[in-house]
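K.L.:
There's a structure below that I have some questions on.
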Amino acid sequence: MSQLPARTGWHWVKQAMQLFRKQPGALMALFFCCMFLSLFSLVVPFLGSVAPTLLAPMFTIALLQACADVDHDKRALPNLVFSGFRKPVRKPLLGLGALYLLVMLLALAVLSWLDDGVLIKMATRQIPMDKDLLENSRGALFVSSGIYMLGWMLSSLAAPLIYWQKMTLAKALFFSVVTVCREIKAFLMAAVVLFLMFQVGAAVPVLLLDSAQLQVMVIFTIFLMMVVLMHCTLYACYRQFFGMPEASTPPAA
């Protein structure tokens, strides 16, 4: 694979927007199905709050397969939410989810080390909210968030490689890390463009709406759309390097 210019990241985002415009309702409906299952997983015994992180690769596969169906001019259906739960990909995807959990715990450990656990204590209401403490913890939050985002970016192609290329977890992680590191300029460009799009989109309701409740509602809606658009961008990236995947097929009876 030859190195791509940074502007390729912008092209991925444009391709993602084209995909999203084809079936926005279907993609958002599938995303809400993923959200519902994620919330439902919180009641799973012995897993509880870590279940959504463990299952995150499955939900990523659901949205990526929906993008592939849209790319093939096929209707993206809600039953795609179960695509990543089927054998033989279920076990390696759960392993990837466990890796996500480890990265998140590492980021939290770094956060706690840098600010002496202040933010975590405020989040769990062990100490009252304090504006000065929040301001002092901003740098620690930035570093820990950067660690988590770097971990996610390096492993972002692992889930589709497991699902579509039938790779093992180790092999998928290797190819994902190598691809991202080699094309880091394009990946960073895509991330910056998506971030700026959200910032601009979130500023509009603040400027135009007087009601704080309406502002929050619109900004949250924009955030949900950006999550779907991020997955569409990841699909465009995968397609660039590994070719267009096949459309979904009905599960065997």
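Just so it is clear, glycine is given a Cβ too, placed from its N, Cα and C backbone atoms.
Those TrEMBL annotations? Automatic predictions, nothing curated.
Pulled these features from TrEMBL for this protein:
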type	residues	note
TRANSMEM	27-48	transmembrane segment
TRANSMEM	93-114	transmembrane segment
TRANSMEM	139-163	transmembrane segment
TRANSMEM	184-208	transmembrane segment
TRANSMEM	214-238	transmembrane segment
K.L.:
Look over the recorded stretches 27-48, 139-163, 214-238 and say which has the most C-beta pairs under 8 A to the transmembrane segment (93-114).
P.N.:
139-163
K.L.:
Let me spell it out: take the transmembrane segment (214-238), skip the flanking residues so only those 6+ beyond its ends count, and list any with a Cβ under 8 Å from a Cβ in it.
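P.N.:
Beyond its ends, the transmembrane segment (214-238) has Cβ neighbours at 11-13, 15-17, 19-20, 27-28, 31, 60, 63-64, 67-68, 71, 156-157, 160, 164, 186-187, 190, 194, 197-198, 201-202, 204-206, 245.
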